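For reference, the structure discussed in these notes is given below.
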Amino acid sequence: MMKMKQQGLVADLLPNIRVMKTFGHFVFNYYNDNSSKYLHKVYCCVNLFMLLLQFGLCAVNLIVESADVDDLTANTITLLFFTHSIVKICYFAIRSKYFYRTWAIWNNPNSHPLFAESNARYHAIALKKMRLLLFLVGGTTMLAAVAWTVLTFFEHPIRKIVDPVTNETEIIELPQLLIRSFYPFDAGKGITHVLVLVYQFYWVLFMLIDANSLDVLFCSWLLFACEQLQHLKQIMKPLMELSATLDTVVPNSSELFKAGSADHLRDGDNPPPPPPPQSDNMLDLDLRNIYSNRQDFTATFRPTAGMTFNGGVGPNGLTKKQEALVRSAIKYWVERHKHIVRLVTAVGDAYGFALLLHMLTTTITLTLLAYQATKVNGINVYAASTIGYILYTFGQVFLFCIFGNRLIEESTSVMEAAYSCHWYDGSEEAKTFVQIVCQQCQKAMSISGAKFFTVSLDLFASVLGAVVTYFMVLVQLK
């Protein structure tokens, strides 16, 4: 059994995890006792059976009503629309280890005393945005389920059957249900009708939430990565100022130091601290208790020429421990950027193939919806349902693309932030650091759909353009 760990992305995304557990996703970690885990396994299996049962009955109805082209198209759209949910439930169950790995990847992030406040601020911003995203998508999903239910009672469904011999059209009244489905009994009368309505409402609600909860999880990961990149950009300027204090020149080479500005080391009457123990790697020093007050952490160091280099003070006016703190700040930035890259890579591994399946299904659905849209001839239930399908389907794609596009923009803007700093006034270490940053950030971070496409607004624009073009062609041919 794996105990609940209130840390990292698990703690940040705990509301998302609870929603996924509540609505039947196979999330079998983060429990406090084995009994809850066992009961949840039974619940998930029963829930999946109920969802698959209704999905299968819809497929049978598709075959039964395949004689009429309009009915065939409408039933196919419904089946494809809910295919997302079945695919994502099964996808998570099969590839859950990749999702657990992504949740755990931020359990032990590196930290630095100089940038703790900035890190906490951007973490709080990310947390607020992730909660807001979950609330908005959850509210929209509930509204869609209610609208779907209400729309059902505005029109009594019928089915037209054309007699091939007499060419007469026979109209058959169908049960007033949320979705057209085959049942081996009469589902249009009495208590049976009520029970089927309740079952179908449960089915629609759970299917919508199961699909969207996994989509929100994906977008929350990207949102968190974007805010971490914002954090790195924000600390770039103070990091450059710190890096500029380092220099590797030998003593008495004061001509290499530029004239300082008003920023300087705070002079004190206390004698310099004793030299620290020598170490082969200054980056690995324990930096705790180096400074005793806040001013020591916020001081801006200036190279000081002509001073006596003793007592552990180097040619740049920094003690060995101060130099170690500055170098550890550079190390913090690099390691945090590597950590973000690992997070984005893990997200792509966990969700990339699901994105491919989603886009393939969506492409077929939108193509059929474009055909359905050409048959809209007024304000009625048919028009409302067609428009609802289109808006909801495009909304799902847009949700992926807007966060994928932001990840690309934020990752490329890191290089711009590094280049715009006054790196040319710094030491050789500062210049080397900026060069490495620019080289590593030339290629933008992105999420791909199993290497077939990149999730961005360009993808959304191409899908939208293709659907509009196809719709206009159908209108011209009509």
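Cβ atoms are placed via backbone N, Cα and C, with glycine included.
Relative to the membrane, D71 and E409 are annotated in Swiss-Prot as lying on opposing sides.
Checked against Swiss-Prot, the residues N167, N252 yield a single entry marked N-linked glycosylation site: N167. When DSSP labels each residue, the topological domain 'Cytoplasmic' (404-454) comes out as 33 helix, 2 strand, 16 coil, counted as helix, strand and coil in that order.
Remote same-chain partners of the topological domain 'Extracellular' (371-382), defined as residues 6 or more beyond its termini with a Cβ less than 8 Å from a stretch Cβ, comprise 70, 73-74, 77, 151, 154-155, 389-390, 471, 474-475, 478.
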